[in-house]
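To start, the structure under review is shown below, and the notes come after it.
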Amino acid sequence: MGELTLGAKGRAEKLVDQTNTAKTMGSGSLDVFATPSLVAMMEEAAVGALALEDGQSSVGVSIEIKHTAATPLGMKVWAVAELLEIDRRRLVFKLEAFDEKELIGTGVHERFLIDAEKFMKKTLSKRSE
């Protein structure tokens with residue numbers, strides 16, 4: 001297992017543009033930062049907090065968020081994930097997201113450490129079933 005440190009932080013940043021709006025993503029009708037885009041950015045931040053060995057990866061298994069403020073086109077948004085708990089292969093992260101004016105979301109995310117080759121072998125075996 002790679003070196004995992006409680007309190008490790010990861011960060012992901014985006015610019016709100018037409019590709020990540022609620023209107024484009026189908027999660028609403030407005031040109032504001034979409035909740036699905038917020039979730040993806042938060043997961044990206046969590047992955048960024050991990051220093052894994054070759055052959056290791058992690059998969060998201062649960063995420064619970066609150067999207068508390070809208071962000072318009074052209075504004076920068078970012079997420080910070082902090083590793084709060086390590087229970088063997090289970091990892092728990094605290095999530096916060098911001099735009100240039102305020103906190104826009106909070107949450108908790110759970111990931112599991114996996115062996116990438118074994119995981120993909122099992123996943124791809126679904127094709128032959």
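From the backbone N, Cα and C atoms, a Cβ is placed for every residue, glycine too.
Note that TrEMBL annotation is computational and uncurated.
If you look up TrEMBL, you'll see 16-116 marked as domain 'Fluoroacetyl-CoA-specific thioesterase-like'. Sequence annotations record features per position, and here TrEMBL assigns active site to T35, E43, H67. The feature substrate binding site is assigned by TrEMBL to G60, R111. Taken from TrEMBL, the feature CoA binding site applies to G60.
Location within the structure of each feature annotated in TrEMBL.
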residue: T35; record: active site; Cβ neighbours (10 Å): 16
residue: E43; record: active site; Cβ neighbours (10 Å): 21
residue: G60; record: substrate binding site; Cβ neighbours (10 Å): 16
residue: H67; record: active site; Cβ neighbours (10 Å): 21
residue: R111; record: substrate binding site; Cβ neighbours (10 Å): 24
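Closest by Cα distance to H67 (active site), from the recorded positions T35, E43, G60, is T35. Each residue contributes its Cα atom, and for E43 (active site) and G60 (substrate binding site) those atoms are 8 Å apart. Cα to Cα, G60 (substrate binding site) and T35 (active site) are separated by 17 Å.
Between T35 (active site) and R111 (substrate binding site), the C-alpha separation comes to 20 Å.
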